[in-house]
Amino acid sequence: MPNVREWLRPIVLAKTSESEERFELVFLFLGLAVAFGLGIYATLGADKAAEYFAGYLLEQSLSIDNLFVFVLIFDYFKTDSAGQDKVLTYGIWSAAVLRLIVIALGTELVDNFQVVNLAFAAFLIWNAWSMVAGKEVEDDDLSDKWIVKTCRRFIPVSESYDGENFFTVRDGVRMATPLLLALAVVELSDVAFAVDSIPAVFGVTHDPFIVWTSNMAAILSLRALYSFVATVLSKLRFLDKSVAAALAWIGIKMILDFAGVHVSTGASLGVVATSLGAGVAASLWYPGPDTAEDESDLL
């Protein structure tokens, strides 16, 4: 049986007060998300609570790639930890508004045009296949990415930072600092990822309240602890396959619903939770060679 404590120890790197605090915050945010779900159970019933937890698990798992992109963005712009915290704080509020707009539009589409459900289902199944077939490793050089090019085209940017300010004055000209550009790239990236993740939650429920709250519960916990969580989740080498299985199931469920075959929310939650749990368990039982080497170096 794998020693989970030993597996986690090299990930948190050392018994420093900062790492211990971050590790404790993981459980704090998880507890808050669960407490909110229990509140939904008490006020709206078991079905809505199951929808919330299924949506929460899907958003958490699908946001992993987003975390890695954030790490690349901050590394590219040479953003220090204080600047990263500021960008993520502003980003949370922006994500809340942007995702609310996307969810509102999506709700109108799925409620008024049933064929949209089939389009979402096909998109999810295709996404699942892409994850299983393998995807290209993300390039550390973001200078050629369309998001960075677009932002630089419309935002005059200074060559250096000015503390944690989004704007500065250079030679009498007011211009943005790289921190504002980093924020813009992070937000555009989040919109792109929302297009991937929100259709998956619509496969579980069409209730905009459940879709939005499950999204935000996942985003708040992941963004507040993104550097720690990204490090931990990078060790779960089978998680992408289990996420693909969950996406494929949600896509199939949407097709069945369109055909008049109802699958309960509880069953969907069970499939999603089992799939993700299996991916985590397999990663713990069969760690990759890189993880094993890291542990041998640090222990």
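Just so it is clear, glycine is given a Cβ too, placed from its N, Cα and C backbone atoms.
Pulled from TrEMBL, these are the features on record:
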type	residues	note
TRANSMEM	25-44	transmembrane segment
TRANSMEM	56-75	transmembrane segment
TRANSMEM	87-106	transmembrane segment
TRANSMEM	112-129	transmembrane segment
TRANSMEM	179-203	transmembrane segment
TRANSMEM	209-230	transmembrane segment
TRANSMEM	267-286	transmembrane segment
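Comparing 25-44, 87-106, 179-203, 267-286 for CB pairs under 8 angstroms to the transmembrane segment (112-129), the maximum falls on 179-203.
With respect to Cβ pairs under 8 Å, the transmembrane segment (267-286) is most closely packed against 56-75, considering the stretches 56-75, 87-106, 179-203. Touching of the transmembrane segment (179-203) and the transmembrane segment (25-44) is ruled out by the presence of fewer than three CB pairs under 8 A, sequence neighbours closer than 6 excluded. Residues 70, 74, 79, 179, 182-183, 186-187, 190-191, 194-195, 198-199, 202, 208, 211-212, 215-216, 219-220, 223-224, 226 of the same chain lie 6 or more positions beyond the ends of the transmembrane segment (87-106) yet place their CB under 8 Å from a CB of it.
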